[in-house]
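Undergrad: The structure is given below, and queries will be raised subsequently.
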Ligand code: 9MR
């Protein structure tokens, strides 16, 4: 096992890769390890991953048949939120009759493309099914807890972070809870929802998610802060706070955004930007996006950023052109600013310095997979694979437990039933791809094998 702690001198680790699979399956296959390159990442997900973060997008199930949409989404993002399909009205249209097909479609698309999933949302005053809107008191409290338990249990093991409770605070200067049928069941409804979610899916991070909580001096921000502080002090299971970050001229990006993220993080929770969009255009919009990315990168516990849609035309407020791609699927100035901000951010924290790699393997044959190490962190590392000799490759990447591959980029990925073997094929984004491995203390390099299709 590599010792990645200790002196800070640059280090190069030499390790032969293990070629897996049967001889027949691996005919014309070689593995070669060569020194890594330091080229800047060319997609949002890849760049964020190099910084120990994700870059996500809200996906609308109805658009998954749009090839331009899925091509951009697959290429650029490594985290997915269902825009509407996992909400209460979608998942429990009749009491105790659960419907997961729309949510599953998005979750399966995400997983089959090597992406992780944010769950949105388990308890919310809005988009409640009709039967729930008409409920109150103990019956509603129990129905809400049953919903949290059933949905979080169904998706257990597939969700990176759940928006357990969404938008429970009032706008304006009151700092009060939002009045709703859920609030009227008693002030403890939020913590009850978090406890139920923890019991149902102990592996997911549990988030409180809201909007208009970006400006540190606003009463709503302060009120959410006090709730999270109280939850942490009393041991209510909360792991993260989601900042929706829907900005426009009436709700501009505040100058103190970094302060807000940092102050919440200092409570001992992760912070995530969960629904980012910024109305506008051109350099003005681009600079606001840049500021948001820089603020997140400046906060160690800011895990990732999700934009609320792919193209402007996919947005819930399309006329404000608030996203990173225009209606034709072209990158906007805002995209370039986000990628540049990501690429100029600090690499993720970790015990090792610059990437290193080593040559070995057996050159020759029709297809060569070259591995190089990427960034390393306490809990995970990135790997990069470059394929030469064929544009029609199939590369398997095998991790050894307790390692688990948690993200991929620039590759169409599927997994075997053990979850240890990722089979990657070209996704239209060239012949190099990357992945993140949660190592669980096992620093061994994954084994690579390359064959042609
Ligand atoms: O983008 C979503 C839109 O398609 C729905 O019609 C709307 C219904 O409430 O919800 C939108 O998403 C919201 C998210 O779930 C919570 N934060 C605000 C988002 C924008 O309204």
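A Cβ is built for glycine as well, from the same backbone N, Cα and C atoms used for every other residue.
Below are the features listed in TrEMBL for this protein:
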SIGNAL    1-40  signal peptide
DOMAIN    38-341  domain 'GH10'
ACT_SITE  275  active site, nucleophile
REGION    342-368  region 'Disordered'
DOMAIN    360-453  domain 'CBM2'
Undergrad: If you draw a 10 Å sphere on the Cβ of residue 275 (active site, nucleophile), how many other Cβ atoms land inside?
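TA: Excluding its own Cβ, the number within 10 Å is 25.
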Undergrad: Can you tell me how the residues of the domain 'CBM2' (360-453) break down into helix, strand and coil by DSSP?
TA: 0 helix, 53 strand, 41 coil
Undergrad: Could you please provide the mean pLDDT value for the domain 'GH10' (38-341)?
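TA: Averaged over the domain 'GH10' (38-341), the predicted model reaches a pLDDT of 97.
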Undergrad: Going by DSSP, give the three-state secondary structure for the residue listed as 'active site, nucleophile'.
TA: strand
